[in-house]
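Structure, as structure tokens:
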Amino acid sequence: MARTRFHPGRSTIGPSNATNTLGGPIQEDIPSSNHSLRQSGGHIQENPFDLGIDDDNQFSSDDEQPEENMDSSKKSRNGRGLTRMHKIWARRDGDQLALTFNEFDQPIGDEAAQFTNFLGTIARSGNEAPLTYKDWRHMPLDNKKIMWNIVKLKYNLGDDNWPWVMKALGKKWKDFKSGLKKKHYDAHNTYEDRLADRDSRVLPEQWRQLVEYWDSEEGQTRSFRSKSNRSQQITTHTAGSRSFARIREEKRKEKGLVPTRAELFKITHVHKNGDPMNEECAKKIREIDMKTKNQPDIAKKGAKEVNDLFSEIFGKEKHGRVRGLGLGPAPTHIWTDAPSPAACIRMATEVRKKAEEETKEMKERMMVMETQLAEMKAMMTAMLQHKSTDFHHSNYTPTNPMDGRQNIVDANNPKDALEREARSSSSSHEFQSYQVHQAKKKRVRYEPETEGAQEVLLMSVGQPHRPVARGLLFSKDPSTIVGGDKLGQQYWEIYIEVVMIPTESLIRSYHGMTRSYHGMTKIRDAARKSIAWPSYLVKPVRR
């Protein structure tokens, strides 16, 4: 089996002239993607990116043990499979879910878990977040903008939520790669076995590049360093899928006080029966209890106060992170006057809005002035024309008295009547022809012309490389109505000709629609019908 030589020193882990399953080159800087949001059209909001705030410097490195993994590829004990978030993906454009954020700009509340799970589905998409980059910080900004706009189609977010969302996407992306390596790479000893054991969610070409990178000297060195760093972590939390931010908020509602970092450590490092996770956790908890009793003033210090009980027991913070608070908070934003990235974006947004309001007000004033000027010009023109008309009337005498009546039509003249009837018949005929033409145009929607339509394959949501049906691409227009609803920015209209995987679930719900669409739930129900399918899961048929 031929193998491509690994090129060290680049941000990507594969050769620049390789091709992916979509037929495009895996470029060194910008990977290929056919998602509709990649096209320009005013949908990408530039404000948070113009500030240059990506906050990747404070994102946990690849050498750090993941704090939580809510999107495991393994089945849970109750038999649930992969997390695909069909209900969120199926929401109509503009039907956005609301989220609640705490003082550290972390999502909390009932929707927080669902939100982070949805971010996981985006981070695992090989089209939007290719695995062929060594580090999340090397992921092109264009890709991050696309992911950001996908999230904003489903959730009501402000520009100030960009930093946390990027951190969360980066963590999900890194954890996904880590899980793939542990389950599908480390479990084998040969290149062929590793290449064959590909997770169904990973594009084949990206998996080959990952295996070759992990086989390389650089990949082996990086892996050894990561394992060494993880071995130094001696305390493990029991929070499971719940984030520290959510637990902190739950305890605040339960007791009326926000728990300190030391108290949060005790809550998240014991089993349900109250036993500590391990001996090291037990040792730290005993130390917390003792110092809480002997140093009550220090024990009462909150997370935003310097030298609290947690830092006294566990030592100074690492660069760019604050332990015990979950993903997001950084030392400079909690214990100094420096504003957080989210705060910077909020301030910039306020300045921008104020400038836009002032600009709008100036434009309105200019429009009023232009209108007044136009009215004055019209009045002057009318006055000049009136004077000119008076002058001609006072100096002109017709040579023939009948000249002034030559354009008057005699209503009693038979010839004039025939001419009027002819013009009326012609106009009526033209109007009827127009109506027939419009009716034909309307029938095109229900009896579409298939000649010239592009043949495409519809790919599975869970396995983007697996086709589930073949059909014809009818429309990319977001305003096109399919099944009673507009397509929106994410979907294309596809006419299903051949069903390949009958049991594949439809992404959009068609309950309560027209009779021809009522009760459609599977791809088999859509045969010989038009449906809406995500544009990034539509591939052209190669001949």
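Residue 1 is the first one shown; counting continues down the chain.
Backbone N, Cα and C atoms are what each Cβ position is placed from, and that goes for glycine too.
Straight from TrEMBL, the features:
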| type | residues | note |
| --- | --- | --- |
| COILED | 345-379 | coiled coil |
| COMPBIAS | 13-22 | compositional bias 'Polar residues' |
| COMPBIAS | 30-39 | compositional bias 'Polar residues' |
| COMPBIAS | 52-70 | compositional bias 'Acidic residues' |
| COMPBIAS | 229-241 | compositional bias 'Polar residues' |
| DOMAIN | 455-513 | domain 'Transposase Tnp1/En/Spm-like' |
| REGION | 1-81 | region 'Disordered' |
| REGION | 221-252 | region 'Disordered' |
| REGION | 417-446 | region 'Disordered' |
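Assigned with DSSP, the residues of the domain 'Transposase Tnp1/En/Spm-like' (455-513) fall into helix, strand and coil as follows: 0 helix, 28 strand, 31 coil. Applying DSSP to the compositional bias 'Polar residues' (229-241) sorts its residues as follows: 3 helix, 0 strand, 10 coil. For the coiled coil (345-379), the mean pLDDT of the prediction comes to 82.
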